[in-house]
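Chemist: Residues or ranges marked as domain 'G-protein coupled receptors family 1 profile' by TrEMBL: 43-295. Residues or ranges marked as transmembrane segment by TrEMBL: 28-50, 62-89, 101-122, 142-165, 200-228, 240-262, 274-295.
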Amino acid sequence: MSISNVTILTPSVLTLIGIPGLESVQSWIGIPFCAMYLTAVLGNSWLLSIIRSERSLREPMYLFLGMLGATDIALSTSVVPKMLGIFWFHVSEIYFDACLLQMWLIHTFQCIESGILLAMALDRYVAICSPLRHAAIFTQQLVTQIGAAVTLRAAILVAPCLLLIKCRLHFYHTTVISHSYCEHMAIVKLAAGNIRVNKIYGLFVAFTVAVFDLTVITLSYVQIFMAVFRLPQKEARLKAVHTCVPHICVFLQLYLLAFFSFFTHRFGGHIPPYIHILFSSIYLVVPPCLNPLVYGAKTKQIRIHVTKIFRSRK
């Protein structure tokens, strides 16, 4: 295959332009993103400290919640500081290898987050459908193994995306990425070579994780609600439903934003580019921001401990 004279051999530096079409107002857009980032970091850190300090919260549900909080902090930190650097200080350049690392971290943490939500759904399924066996099944050792397996799955699935770019794509049309962070397809589209393999593998990872996790999570909650509505006592039904509400809220807001971002990016040719970029950026920041608020408001045990902390300070 011939490469035109305008191509660049594996650039050492790339340029992120932020949100194309909204450059003049990016400094203002940075304010809510900064607020959401601080909420995500402080809220999840507080959640982690409560779970760590309270022995009564060493149950699988809260251990998974702690994993989710740590993942949210890591995900938002891998995106927002650089994004704010672009919006506020016009620090748009990023080393090529650093860009690939950011891409790998973002997509790895996204897969980990999905896997943790899957584990939380299975935990609720066993807790409600087989309550007498829950403690025997979901031991601390199993929770640790699930956390390790979820992390390993994400790292292994996403790593080939990085390797395929590094090993296959050597010539690029431009060094300018029309995005606010280093996203897989945004980097791949810069290449002058054949990107079909990269696109196919990216879709494979997205659908493998999303379809498998979404199917198991949905089936788990269907079984949970079937079991709940068979309970004879109204109080027991309400208690069981109440324990699932935070998980369902987090699950819905994550996957709805994810699917909207995914489909508009790939099939929304008539939608302005700034809509794609803005929503894909929101998708990475909003769930980490909302998760501690949802669990703090909807989980009784966490509300009790937060109230105790405030009372003790008074």
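Yeah, the Cβs are placed from backbone N, Cα and C, and that goes for glycine too.
Whatever TrEMBL says is automated annotation, not expert-curated.
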Chemist: With CB pairs under 8 Å as the measure, which of the listed stretches 28-50, 101-122, 142-165, 240-262, 274-295 comes out on top against the transmembrane segment (200-228)?
Modeler: 101-122
Chemist: Excluding the flanking five residues on each side, which residues at least 6 beyond the ends of the transmembrane segment (101-122) place their CB within less than 8 Å of a CB in that stretch?
Modeler: 61, 64-65, 67-68, 71-72, 74-75, 78-79, 82, 94, 146-147, 149-151, 153-155, 157-159, 161-162, 181-184, 187, 205, 209-210, 213, 216-217, 220-221, 247, 250-251, 254, 258, 284, 287
Chemist: Counting only residues 6 or more past its boundaries, what in the same chain has a CB within less than 8 Å of a CB in the transmembrane segment (62-89)?
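Modeler: Tertiary neighbours of the transmembrane segment (62-89) are 16-18, 26-27, 29-30, 33-34, 36-37, 40-41, 44-45, 47-48, 51-52, 102, 105-106, 109-110, 112-113, 116-117, 119-120, 123, 140, 143, 146-147, 150, 180-181, 250, 281, 284-285, 287-289, 291-292, 295, 299, 301-302.
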Chemist: Counting only residues 6 or more past its boundaries, what in the same chain has a CB within less than 8 Å of a CB in the transmembrane segment (274-295)?
Modeler: 18-22, 29, 33, 36-37, 39-40, 43-44, 46-47, 65, 68-69, 72-73, 75-76, 79-80, 83, 106, 110, 113, 178-181, 183, 246, 249-250, 253-254, 257-258, 260-261, 264-265, 268, 302
Chemist: Any residues 6+ beyond the ends of the transmembrane segment (142-165) with a Cβ under 8 Å from its own?
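Modeler: Distal contacts: 60, 63-64, 67, 100, 103-104, 107-112, 115-116, 118-119, 184, 187-188, 191, 197-198, 201-202, 205, 208-209.
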